[in-house]
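Going by Swiss-Prot, these are the annotated features:
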- 21-96: DNA-binding region (DNA_BIND)
- 24-44: zinc finger (ZN_FING)
- 60-79: zinc finger (ZN_FING)
- 97-126: region 'Hinge' (REGION)
- 127-423: domain 'NR LBD' (DOMAIN)
- 246-264: region 'Interaction with coactivator LXXLL motif' (REGION)
Amino acid sequence: MEATAASTSLPDPGDFDRNVPRICGVCGDRATGFHFNAMTCEGCKGFFRRSMKRKALFTCPFNGDCRITKDNRRHCQACRLKRCVDIGMMKEFILTDEEVQRKREMILKRKEEEALKDSLRPKLSEEQQRIIAILLDAHHKTYDPTYADFGQFRPPVRGDEEEGTLPSRSSSAHAPSFSGSSSSSCSDQYTSSPDTMEPASFSHLDLSEEDSDDPSVTLDLSQLSMLPHLADLVSYSIQKVIGFAKMIPGFRDLTAEDQIVLLKSSAIEVIMLRSNQSFTMDDMSWTCGSRDYKYQVSDVAKAGHSLELIEPLIKFQVGLKKLNLHEEEHVLLMAICIVSPDRPGVQDPTLIEAIQDRLSNTLQTYIRCRHPPPGSHLLYAKMIQKLADLRSLNEEHSKQYRCLSFQPECSMKLTPLVLEVFGNEIS
């Protein structure tokens, strides 16, 4: 038989249970693997190789049927060698000296190639690792996965309508599950938090004077039972987004005016991004703790939004969920979303772009270094596409929010912070 390129012959991994201790078929010692076509220990492996290379001829001093054990295996070489052959060890599997040398050279070459690949593989710089650590800390400080604060909002009222009822397209009901509204008391309660920005910080910007140019749009106020609760939820979420943004490396280097523009224009997008953490594809809902805070599509409709927003929102949530982002990728995407130089009204797009480029480069390097295939395939491009999807959602949200806020009965339920952020969007 032709000599093989390896000193061992490995059977199919399924041929033995890895959890069962391996025993040498020759002496009963602990086996280290399949050697020369049989399961043996290192000692019997070496004995068989030496015996075959020397073409040794052994004679048993007894009756030729000695029992070989770990303790007496050196006493009778003849019976030990016979036992090796009996369990299937084959001399054809032994490498020649030349083959051994070639194998060593191949192993060395492979190690050198791996070392070269490793040296060329992108690595996160210390600065990039610092950025990721800061963003993770910022996210953990501004996102409570227990949703303990939800009990402080005005209670959810779902009415008599069945939970599965969906709004129609261009329905008069538009729902701010992500639109933004909260009672003044709720807003005041959270503005004292150190990781939030007071609504007054937006007050120097002029309020929009736009009027609804669609007289056919009316709101059935009786169908907006979830508006107060979801209003408080969004107002709370806006403040948490502000807290997160203030910790983005470089964000505080921007002028106060640019910080405000970026926050106002990205707030709803980041809320949608963050809500993916509680979104479940099993029933297309957002689960935030107890059953009272499990939000269905119908709840979004009962706060004022139509399918023109709800359908693409659900599609966005499902698509984002399927990307299986690491938490590091998620926080970087949120930061990139906030620090966007193409937002209307920014004064220093060059500085904003420099900050965003640093975040984008960190994200791309992280994906190459830490996100294994196949999930990493085109992942960065898919994430950037999600930002484009958010822009479309933001635009539709703005349209529906304006229709909602023009109704005095509805605007009374909105907090000052929500009115400032969503009522004065830069178009």
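Cβ atoms are placed via backbone N, Cα and C, with glycine included.
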*Write out how many residues of the DNA-binding region (21-96) are helix, how many strand and how many coil, based on DSSP.*
26 helix, 8 strand, 42 coil
*DSSP says what for the region 'Hinge' (97-126): how many helix, strand, coil residues?*
25 helix, 0 strand, 5 coil
*Count up the helix, strand and coil residues in the region 'Interaction with coactivator LXXLL motif' (246-264) according to DSSP, in that order.*
13 helix, 0 strand, 6 coil
